[in-house]
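Listed in TrEMBL for this protein:
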- 27-49: transmembrane segment (TRANSMEM)
- 77-209: domain 'Peptidase S54 rhomboid' (DOMAIN)
- 97-130: transmembrane segment (TRANSMEM)
- 136-153: transmembrane segment (TRANSMEM)
- 160-182: transmembrane segment (TRANSMEM)
- 188-207: transmembrane segment (TRANSMEM)
Amino acid sequence: MARTCYHSGVSLDDARQDDAMRFGTEAFYASIGRAFVAMCAFVPVLFAIEFVDRLNNQRLDQEGGIKPHEIDGLDGILFAPFLHAGFDHVLANSIPLILLGTFVLAAGTARFLLTTAFIALVAGVGVWFIGDEGTVVVGASGVIFGYLGVILMRGVVEHSLWHIAVGVLIGLLYGWQLFGVLPGDEGISWQGHLCGFIAGLVAAVLFRRRRPRPVDRADTLELDPEPS
């Protein structure tokens, strides 16, 4: 009789990541905790940058911000998310950045970095193209709206009840921010909010977890000797 042994094609790393994203597991709480600490540690960097900016009469904002439709304002795409128009601006962005960033980072560092870079790039390019001429745009709010888009979309594309629940909760807590993607108060870059949010929706699809299909394959094949 021939006997065939099979095993799944799912790797150990994939299994660990699944455990880390499964609500209620020890790995899940550990990943959320590490992400929260990391985001809390990052925010003081923004305050430090703003402090240096104040010491230099906001030269960093003027030289590192996005200047729509101006070639010399393109480099602001890289620097604008780290710059703010005052400590109040940094403070207003800090809480949503920590909360939303925690849930995005908890899904994995590599995905977080790719997602953040993509959102910042798309939001920055969008502001440069459709922003108001003669303005200088700074702030992390485009990235924040991007994180909101990621969380809302991730539950759908990854078929995760946990992410759907988080998306609904964030939507209830910060749903009012969605109005920030529409033209509104003067001095607020709704273009950055809109482009960031759209970039977040796209990023959730591009950088979703692709679960490998368990492809069974033969490991061993034993042939029982035929009776003589």
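Glycine is treated like the rest: Cβ placed from N, Cα and C.
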Intrachain residues whose Cβ lies under 8 Å of the transmembrane segment (188-207), provided they are six or more past its termini: 111, 114-115, 118-119, 121-127, 130-132, 135, 137, 139, 141-154, 157, 177-178, 180-182
Overall pLDDT of the domain 'Peptidase S54 rhomboid' (77-209), taken as the mean: 86
